[in-house]
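**Q** As listed in Swiss-Prot for this protein:
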type: BINDING; residues: 83, 182; note: heme b b562 binding site
type: BINDING; residues: 97, 196; note: heme b b566 binding site
type: BINDING; residues: 201; note: ubiquinone binding site
type: TRANSMEM; residues: 33-53; note: transmembrane segment
type: TRANSMEM; residues: 77-98; note: transmembrane segment
type: TRANSMEM; residues: 113-133; note: transmembrane segment
type: TRANSMEM; residues: 178-198; note: transmembrane segment
type: TRANSMEM; residues: 226-246; note: transmembrane segment
type: TRANSMEM; residues: 288-308; note: transmembrane segment
type: TRANSMEM; residues: 320-340; note: transmembrane segment
type: TRANSMEM; residues: 347-367; note: transmembrane segment
């Protein structure tokens, strides 16, 4: 078996990726989220496949088909709840995974990081088109508001929006194409994940200290396979608890009403995992400005490697940068809260301040902190 594992063309790839892979001996539980994201993706693809067998992408029957899945299909309610809450678990793991990358300086593996940012954008696009499919009130109005932002692009905006819609508003053509996108994108994500891992295995994993770990490595199996298995158990337990005990707690009550173009919900908002970006979008009282800020809030991740000024890679021994990092984390939670609030005083000003602080921290304060820490570490004569 050992020889087969090391000689068979397919087994050899698996062996070098998951069995005999040399891994740093000191990586903590923060390194579990990559494998957890893999499990989330598999769960989403499997549950999504079974949902697609019963779903109809037509404006007249989409809402009813989702109700039919929950009422009449064997374990349809469970599959639907796992799929809807699986998305929340996916994004929770994603945000923690990105946060880990920022804290420990993993972004200095530029290729891996850039593919990761593309993955994040692709997953966000997939979740957005997926949220439209049940064709409830929030599905319809969320799609209308977000796709309408394209019309803010000068000259080609209106044409582009109508091209995406397949008409003059969000309608049957939009729903059909969004279903097609939602079906194909997870497979594109799978391909990108393979590229992400390919680049990661070129350099090997980073570790909490940020120091080159080549002198002290251990095989991935059994050490990290067992450690990952523990993470899987926690993830599946949390997902099952959420799907079985409070499946609708993260959704919007408006989505229990069928889509009605003549009746606008009192407060249009996306799912919780988009609220931070939605708050940044709303904090600028100009359509094009808001769209640019929304894009910048995610694309700013691409320039983080170029803003690294510290002599040390990880924040483990950099208390000032650590403090700023946790302020950034708290700020993102604040933005998430603001995104779910109505547009009125004092939420408007809080959102504007939090949005400003978000860009200020990443673009100015954190690079300055790195330079200051370098200065503090210089031997004084």
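Every residue gets a Cβ built from N, Cα and C, even glycine.
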**Q** Give me the non-local Cβ neighbours of residue 97 (heme b b566 binding site): same chain, 6+ apart in sequence, Cβ-Cβ under 8 Å, ordered along the sequence.
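**A** Long-range Cβ contacts: 33, 34, 37.
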**Q** Here are the binding-site residues: 83, 182, 196, 201. Which has the lowest count of other Cβ atoms within 10 Å?
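**A** Across 83, 182, 196, 201, these binding-site residues, the one with fewest Cβ atoms within 10 Å is 201.
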**Q** Would you say the transmembrane segment (226-246) and the transmembrane segment (33-53) are in contact under the rule of three or more C-beta pairs closer than 8 Å, pairs 6 or more apart in sequence?
**A** yes
**Q** May I ask you to check whether the transmembrane segment (226-246) and the transmembrane segment (77-98) make contact, with contact taken as at least three Cβ pairs under 8 Å and only pairs 6 or more apart in sequence counted?
**A** yes
**Q** Applying the under-8 angstroms CB criterion, which one of 113-133, 178-198, 288-308, 320-340, 347-367 scores highest with the transmembrane segment (77-98)?
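**A** Most contacts with the transmembrane segment (77-98): 113-133.
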**Q** Measuring Cα to Cα, how many angstrom lie between residue 196 (heme b b566 binding site) and residue 182 (heme b b562 binding site)?
**A** 21
**Q** When you scan the chain for residues with a C-beta under 8 Å from the transmembrane segment (288-308), skipping those not six or more beyond its ends, what do you find?
**A** 98, 102, 105, 107-108, 110, 113-114, 117, 120-121, 124, 149, 152-154, 276-278, 280-282, 355, 358-359, 362-363, 366-367, 370
